[in-house]
């Protein structure tokens with residue numbers, strides 16, 4: 001080529017020449033953006049819908065309080081900036097058609113409850129807004145008059161607006177404004193001021209006669225209790241970004257030789273080497289970025305066009321789609337980082353293709369014995385560490401087990417290569433030794449990856465399973481517990497729960513704690529406290545807790561009149577439990593005693609340790625009077641679908657904003673540990689397979705001429721298959737040894753042969769075996785002349 005050609009024209013010509021390559025990079029960027037932005041958009045939009053719904057249910061107020069104490073209610077009625085809300089269930093009728101609804105009633109027109117979709121909020125007594133699904137089902141239009149029946153009260157109301165619940169697509173609600181009357185019984189109060197700043201409320205709040213929470217806490221609870229699918233989507237963007245970066249660098253490695261040739265051509269056309277490589281870099285980077293931009297807008301447009309269908313699939317009704325700009329920045333950052341590494345990888349990787357260890361004959365003679373000695377030393381360290389793990393006191397030596405195992409695995413490929421080479425006669429053995437040396441580093445790295453990821457995954461899963469088996473559940477499995485719920489809100493809860501398909505609701509009344517608190521313990525704990533001279537409830541020594549229960553000193557609640565006293569089984573001894581009465585203000589113990597009680601199913605933990613009849617001897621002796629608050633357990637909560645469980649939790653946050661919730665279907669810390677272990681196993685499998693395919697692939701390419709020569713000199717296919725098999729067995733045996741070391745370290749060293757390690761800890765080893773099978777086929781395949 002004569003003369004110099006402009007850089008722009010060279011880039012255009014290069015893009016035309018490598019059009020397929022450009023399309024592959026663009027497709028990679030498109031898929032990366034779709035995998036990151038799609039789940040992030042769905043999760044962000046769902047979270048925004050839940051937050052919008054909760055804020056609307058609280059009329060954009062900052063604090064929500066609940067109580068059933070008459071004195072507290074009287075104080076609240078005298079605060080003009082506090083708005084009351086009554087939650088109930090009822091029926092709305094229009095003509096001959098009717099439908100069950102949740103009825104939210106207020107006497108404060110300034111409370112604008114719900115998300116308005118059409119019309120206006122009710123601001124006069126007798127006006128109401130109705131949810132869109134109910135209005136559509138009954139054929140109700142704005143301006144119509146409907147009949148609302150709630151709590152044995154029936155009244156007509158003028159429909160002035162439609163509302164929707166962004167977090168619940170099938171919401172059926174009536175929101176109305178009424179005059180204050182004796183039939184109006186609020187269940188919650190909303191305010192922008194902190195309730196604790198009112199002096200007349202502080203004593204009641206300190207005594208828990210009333211409870212309140214800021215809306216930010218409720219929003220955090222809504223996020224924690226979001227459906228598992230949405231919580232899982234939080235890990236997708238980061239995982240997709242990392243995987244996209246690995247794929248990008250892998251593609252760069254595969255194209256390194258081609259890019260080196262292209263760079264030489266561009267240099268011959270008049271560019272400097274740096275400029276040539278810069279043009280190649282920006283071409284590939286530009287292709288990926290164009291794909292990212294196209295993928296981002298395509299996914300975002302698709303979700304926006306199908307907003308109704310996507311949100312309905314999640315059981316929600318989105319008003320808008322949230323753009324996850326932070327996730328977009330993650331994608332672009334990943335692409336830029338991978339691109340910055342692509343040129344060094346592409347420029348220097350070809351130099352490694354032709355490199356392999358070539359020890360001299362004298363060194364080669366000592367290589368295998370030295371590797372064997374190193375492996376023996378590592379095995380000794382591993383055995384010593386394994387022995388130290390049996391010590392009663394924690395021995396730091398036990399932490400050396402992974403190091404000893406890693407030393408063994410670093411030497412294993414050399415030993416396995418030498419042993420497998422003995423299957424061939426002299427000349428072929430020498431040839432095989434050259435092949436095996438090229439596999440030493442990839443096999444050692446992969447075996448170490450299998451050890452590290454498999455060991456962490458197995459140990460984490462084992463610890464989670466062991467801890468879970470030794471820890472009692474804080475609430476009965478599959479149940480949902482609501483602590484401190486106003487009795488007036490329980491009927492609305494029963495209605496909501498029944499509409500969602502639930503049936504079993506158990507409620508225990510919380511006694512008034514104005515004069516003091518009654519607690520239950522085991523008789524043995526009580527005797528130990530008396531013998532130790534304990535005078536306050538906070539001074540109980542740990543040695544007195546003789547029962548393996550979550551709460552060795554637990555609450556006493558009131559059951560139905562005439563019922564039998566029941567206690568947590570771990571607290572019952574000789575059909576009796578201990579009772580402790582102490583001052584609420586000082587915590588000083590003033591009375592102790594025992595009472596008869598039988599073991600009750602499901603008690604303990606976040607549930608009461610003892611339930612006594614409201615008209616029984618214990619209630620009379622200790623003057624236990626209902627406080628108007630109850631602890632409610634939904635025992636068949638697990639039978640609801642994930643969407644219905646989410647809707648129920650959201651409803652409870654509205655009905656009882658000051659309550660404490662405990663979900664027996666939610667993922668525990670042990671579940672999260674197992675999930676982390678599974679993720680590490682999958683990542684380890686991807687990493688092991690990728691490293692082995694890249695390293696072994698480069699070794700196969702470097703031996704292309706030798707493999708072709710074997711065919712030309714008449715090496716039979718069967719002998720080539722055996723040669724390829726022995727060569728690919730080097731990483732297979734190394735990975736198998738790594739899995740064996742993982743199993744022995746975790747089982748024998750952890751003395752946990754009876755505890756499961758999970759099902760994915762061996763996945764990295766399986767990935768190494770699969771990659772070795774692929775390498776065997778590539779090695780066995782006859783290379784074409786003149787092509788790698």
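From the backbone N, Cα and C atoms, a Cβ is placed for every residue, glycine too.
Just so you know, TrEMBL annotations never went through curation; they're auto-generated.
Going by TrEMBL, these are the annotated features:
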- 234-259: transmembrane segment (TRANSMEM)
- 280-305: transmembrane segment (TRANSMEM)
- 325-346: transmembrane segment (TRANSMEM)
- 366-388: transmembrane segment (TRANSMEM)
- 400-423: transmembrane segment (TRANSMEM)
- 435-456: transmembrane segment (TRANSMEM)
- 679-701: transmembrane segment (TRANSMEM)
- 722-748: transmembrane segment (TRANSMEM)
- 760-780: transmembrane segment (TRANSMEM)
### Query
Considering only Cβ pairs under 8 Å, which range in 280-305, 366-388, 760-780 makes the most contacts with the transmembrane segment (400-423)?
366-388
### Message
With CB pairs under 8 Å as the measure, which of the listed stretches 435-456, 679-701, 722-748, 760-780 comes out on top against the transmembrane segment (366-388)?
### Response
722-748
### Query
Counting Cβ pairs under 8 Å to the transmembrane segment (760-780), which of 435-456, 679-701, 722-748 comes out on top?
679-701
